[in-house]
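Chemist: Below is one structure. I have some questions about it.
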Amino acid sequence: MNPALVQGAGTDLLVAGTLLLWAALLIRAPAARRSPPRRRMLIAIASLATSITVALDPVTGLVNRALRLGDTCGIVVNVWGVVSSALILDFVLAAASRRRPLLVYGAAALVSAALLLLNTGAAAACVTPADKPWFDLFWLLLCLAHVLGTGPAAVLCARYGRRATTRPLRAGLYVLATGFASSTVFWGLVAPAYLVTRSPWVAATFPLNVAITAWVMALGTALPQLLRLHRSVNNRRTLRRLEPLWRRLVAAVPQVHLPENGRWASDLRLYRRVIEIRDAVLVLRDYVAPATLAAARAHAGSEALATACWLPVAEAAKLRGTHPRAAPPPGEDRSGEEWADEVGFALTLAEHQDSALVRSFRPAGEVTQR
């Protein structure tokens, strides 16, 4: 293996990661349009994506030809890197309610002017040739600008990730923090290491390092949406599994079904279905004698399976016009206090409503009280 192979593999990964990053930004754009904080974050990520994109050789060539810059080895790319760092830092300060646009963008303008000045007269096909005395100064200024943008952004995303109230948002912020941190490592450690060592192996890892940033940022940008999509698919699958049980219980206890107006999101629809199933079970339980409830629990073991056993008894009693018990014994609602327990109870009930265990159950004594 030689540096050229490492650089080639890193470049291929970088191109793929850049495409994925832009795809993730397009996916998140509609939701960010309605939320100023998300919009600012998306602008910061888009600025980083742009700085990665324009550094790709084909794009750099197009920019140079479009702006008639000749072979200036991407001075526009490096100046844009400074601007993108300013946009990222402005996002961080805005999130902390400490915006200083004049200071941030003024400093970016000064650094950009310094880079342009240092690059004046550079030989064709390279920015500030290595034999120039200001070569290190040029790249150290560039490294500092990037670190001042991505470093605080990594800290901010990690901090807000700890405070996030939903799992998709928390995961997305943590991954974004990792992406900003990887960019900080590149500009704060890898690039300066090359300035010190001039090692061709270090230079060969540049595309790979930037590719890691692109892939991680793409994942962090798209992750909340992907997790919501995964949850929506799971909710719809659960709704389909609960549908026969829900129709059966709503037919037996119509009053638990509330009218639905318009389209409902899958999580709200699932919430309604589970609550209506639970309410119907509570109503039907009043048609079952305590002895039958105890016999069902002894026969089945778990509360959900026991409910599946006595449910046909209760439906038959209600259909015969039997009066319900005046008040159920305290503590009989054992479907669970957590939402996951409620859903699990309903699913178990749905899956075993016509099982052999239910068919083999025989109620003890009087089925209902008249």
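Using the three backbone atoms N, Cα and C, a Cβ is placed for every residue, glycine included.
In case it helps, TrEMBL gives these features for our protein:
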TRANSMEM  6-29  transmembrane segment
TRANSMEM  41-63  transmembrane segment
TRANSMEM  75-95  transmembrane segment
TRANSMEM  102-125  transmembrane segment
TRANSMEM  137-161  transmembrane segment
TRANSMEM  173-195  transmembrane segment
TRANSMEM  201-227  transmembrane segment
DOMAIN    234-350  domain 'DUF6545'
Chemist: What residues in the same chain, six or more past the boundaries of the transmembrane segment (41-63), come closer than 8 Å to it by Cβ-Cβ distance?
Modeler: 11, 14-15, 18, 21-22, 25, 28-29, 32, 69, 74, 76-77, 80-81, 83-84, 87-88, 90-92, 95, 150, 153, 176, 183, 210, 213-214, 217, 221
Chemist: Apart from its near flanks, which chain residues at least 6 from the ends of the transmembrane segment (137-161) lie with a Cβ under 8 angstroms of it?
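Modeler: For the transmembrane segment (137-161), the sequence-distant neighbours (Cβ-Cβ under 8 Å, at least 6 residues beyond its ends) are 44, 48, 78, 81-82, 84-89, 91-92, 95-96, 108, 111, 114-115, 118-119, 127-128, 169-170, 173-174, 176-178, 180-181, 183-184, 187-188, 191-192, 195, 220.
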Chemist: Find the member of 6-29, 75-95, 201-227 that has more C-beta pairs under 8 Å to the transmembrane segment (173-195) than any other listed stretch.
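Modeler: Out of the listed stretches, 201-227 contacts the transmembrane segment (173-195) most.
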Chemist: Could you tell me what the rest of the chain brings near the transmembrane segment (201-227), counting residues at least six beyond its ends with Cβ under 8 Å?
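Modeler: Sequence-remote neighbours of the transmembrane segment (201-227) are 3-4, 6-7, 9-11, 13-14, 16-18, 20-21, 23-25, 27-28, 31, 42, 45, 48-49, 52, 55, 157, 167-169, 171-180, 182-183, 185-186, 190-191, 193-194.
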Chemist: What parts of the chain pack near the transmembrane segment (6-29), using Cβ distances under 8 Å and only residues at least 6 beyond its ends?
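Modeler: Residues 38, 42, 45-46, 49, 52-53, 56-57, 201, 203-215, 217-219, 221-222, 224-225.
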